[in-house]
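Undergrad: Here it is: the structure, laid out below.
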């Protein structure tokens, strides 16, 4: 007779946990204040806007003074994702995957015209018409490319949004599923359509 105890399955944790949801209003203010001034940023740099992002992080503009810590080791350590540059349909699944690897609560700044709506390449067959077709965006920074001061203004707008954020409002609505956001251009081929079928393989 097997006497091995059955493993106890813990309930699936909610995104923020019951304690964070039940926190009194003053505690929520403290939580929002902490998130607001300790944003580890992950830059998904795709084009010339990424150069302006780097300029904003250097000594002249220095967005560290706003509480934004640049160059997180990876998406799993990041709170803020800045998408800067042209997002192509082939790159879209990678953007979505990196976004999903970020822990909650997470924020996205769309930096530049290409990231906002496709920019000068909007009519190309291979360009995604805005990163908000793939992931939710919190702040849009217009420009082609935007100046570093524009990114600083976008960061301040995001911090204002975080300061008045309610956890129930942010996480009350379900996020779109990954399947709903996949492009037909990047779907794997159906089974039996590749090499080795009856037409191309040995008979």
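Using the three backbone atoms N, Cα and C, a Cβ is placed for every residue, glycine included.
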Undergrad: Of the ranges 130-166, 167-203, which one does Swiss-Prot list as region 'Disordered'?
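TA: The range carrying the region 'Disordered' annotation in Swiss-Prot is 167-203.
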Undergrad: Does anything in the same chain, at least 6 positions from residue 114 ([4Fe-4S] cluster binding site), have a Cβ under 8 Å from its Cβ, and if so what?
TA: 46, 47, 49, 85, 86, 87, 120, 121, 127, 144
Undergrad: What other residues of the same chain, not counting 48, 49, 114, 144, have a CB atom within 8 A of the CB centroid of the [4Fe-4S] cluster site?
TA: 47, 52, 84, 85, 86, 112, 113, 115, 119, 143, 145, 146
Undergrad: Could you work out which of the binding-site residues (48, 49) has its C-beta surrounded by the smallest number of other C-beta atoms within 10 A?
TA: 48
